[in-house]
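Asker: Feature list, courtesy of TrEMBL:
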type	residues	note
TRANSMEM	77-95	transmembrane segment
TRANSMEM	115-135	transmembrane segment
TRANSMEM	204-225	transmembrane segment
TRANSMEM	237-260	transmembrane segment
TRANSMEM	286-307	transmembrane segment
TRANSMEM	319-337	transmembrane segment
TRANSMEM	349-373	transmembrane segment
TRANSMEM	393-416	transmembrane segment
TRANSMEM	423-442	transmembrane segment
TRANSMEM	454-474	transmembrane segment
TRANSMEM	486-509	transmembrane segment
TRANSMEM	562-581	transmembrane segment
Amino acid sequence: MGILNSISKTFQPVTVHAPETTTASATSEPGISAAATNTEKNDVEVDIDLKTTGEARQDLESGVARVEAAQAVWGKYGFWIVAAGIGMLMLVYELDNTTVYIYNTYALSSFNQLSIGAALSTAGVIVFAVVKPPIAKLSNIIGRGETYCFTISCYILAYILFASAKSFGAYAAGYIFYCVGQSGTNIMNDIVISDITTARWRGLAIAVSFFPFLFMPWISAFIVSSVVSTGGIGWKWGIGMLAILMPFCASFIIGTLLYYQHKAKKAGIVVIAKEKMTVYEFCSQIDLGGTLLFSCGFAMFLLPMTLAASTPQGWKTPWIAALIALGGAFLIALPFYEQRFAKHPLVPFFYFKNTAIVISGTLLLTDALGFSVTHSYLYPWSTIARGLSARDATFLQTTNGVMQTLSSIIGGMVMLKTRRYKWLVMFAVTIRFIGYCVMIRLRGAENPIAELFIVQILQGFGSGVILIGTLVSAQIQVPHSQLAQITALILCCNFLGSSIGASISGGIYTNTLKDELAKQLGAGADQSLINSLYNSITGVVPEWGSPERESINAAYSNVIRYMTYTAVGSMVPSFILTWFMPNMELPDQNNLVES
């Protein structure tokens, strides 16, 4: 497809002013969208009808128009510069991703708040999930580069709050900003990659973007071990270092996107938006009503599930039931609001009627639920019940993610070759199910260390394929103008599943660990020891090999096994749903909707 077709079909709503031009012809690079094809000296040549401002249509949001205009001028070299910018950002993103969550365990222990870790984790995952659609919508309105600036700013603010925190409250505030920054950067990476690749290549491209995760966990394990060890700089300085690395590495992709948007303007492809937008218009554009229903609904529905265990009356606490009921009402109202009232819906109503989208979202939700419920307390269990060092516990925790990345790359190659995804996802769901079943037997206090890693490798292999298969399956159902929204929604389902899993694991931990410890330690159990183990992994633990330590190991392992049963149950509906998943051919274009 030449530049003529690209401009005429994707830029219809944009006001374009062009100098004297001629039709360009270029051959697309494999996997590069047509707008990113190369021209002589990386300049753009277009042949389009001039439009006046009054003739410009308004159905394409300016952020989408900006990225399409940038694609029209960046050529082949610009494409690879953008790819390199994403790669640079992913390096520090994965360094952050594989260290901060470990530092979080030590931070909570330093505040003697480990038992409330599940509530904080659930709140964080909820934030991580629900901010994705609004941030995706924001990128459609103000632009991709501009939205990156916002998400990286949240990162920096979070690091500052973490490093300076003197209380749990200050740390928790930083954690919320951290989740916004990490979630926003995560979704922006996937959106930009999806912008510039065809459906056939997209799965592989997204998978390759996580390539740093193949080696970063092993590097991070040594970093974490050095930081938190006796005489180390401590978790606060470990996080503080990222406040310098993150903005430096992010500047490459941000600068590149903003530069090519400016170049598109100089080349004559100019997106003319209103100089001023009223508050009402902005709220309408971002669908403030839908955003509140979506975000508040899930927050009120999920968070009480974890907090219930920490209240004196448990589930009988009046506000627990009230929040769950109110959250459910918000979620029920969401599709009706989006259909009847929203001018620019956050979640267009037809998404709820599209089989591929519904199944893809549900598959990711159940898969993430299983992962979260089995990994939320894996690190404390491995350090206490198995006596692993900080380095080795980090190795165990991240083995799943490494295999997920490797399998997603392999799955992306298979999708590229076969142009199909259904049976690949079916195979992955089966592997995941087998992995959880084996985990019941192999994740115990007496199993050899090798068996612990084997089960991580097995079930991790299935997860990576499920992610890219379901994501691409949903993306091809919508036009490019809705690509950011559908990407955010599907990934949101993934993290909502994680929040549900964290809620369940937190409920299991808070309701069973003390009883299990008392049961295993016997009638003469030291209550202060039980409380210490319940709230911190850095407190005094009996010597390894002693009868008390063996009882503690057994208690922790029993609690972990209860969590694994939940993961096995979560995969049953996944196995059934995959049979009804459409098996459409992946085209050499952005989606199946637009030619």
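Note that Cβ sites are derived from N, Cα and C of the backbone, with glycine treated the same way.
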Asker: Give me the stretch from 77-95, 115-135, 393-416, 423-442, 454-474 with the greatest number of Cβ pairs under 8 Å to the transmembrane segment (562-581).
Answerer: 423-442
Asker: Under an 8 Å Cβ to Cβ limit, what residues of the same chain, 6 or more beyond the ends of the transmembrane segment (286-307), are close to it?
Answerer: 118-119, 122-123, 126-127, 129-131, 133-134, 137-138, 141, 319-321, 323-324, 326-331, 333-334, 337-338, 341-347, 496, 499-500, 502-504, 506-507, 510
Asker: Spell out yes or no: are there three or more C-beta pairs under 8 angstroms between the transmembrane segment (77-95) and the transmembrane segment (237-260), with each pair 6 or more apart in sequence?
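Answerer: Contact between the transmembrane segment (77-95) and the transmembrane segment (237-260): present.
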Asker: Take the C-beta pairs under 8 A between the transmembrane segment (393-416) and each of 115-135, 204-225, 237-260, 349-373, 486-509. Which stretch has the highest count?
Answerer: 204-225
Asker: Could you pull out which residues elsewhere in the chain have a CB under 8 Å from any CB of the transmembrane segment (115-135), counting only those six or more residues past its ends?
Answerer: 104-105, 108, 147, 150-151, 168, 172, 175-176, 178-180, 182-184, 186-188, 286, 291, 294-295, 298-299, 302-303, 305-307, 310, 346-347, 372, 376-377, 485, 488-489, 491-492, 494-496, 498-499, 502-503, 505-507, 509-510, 534-535
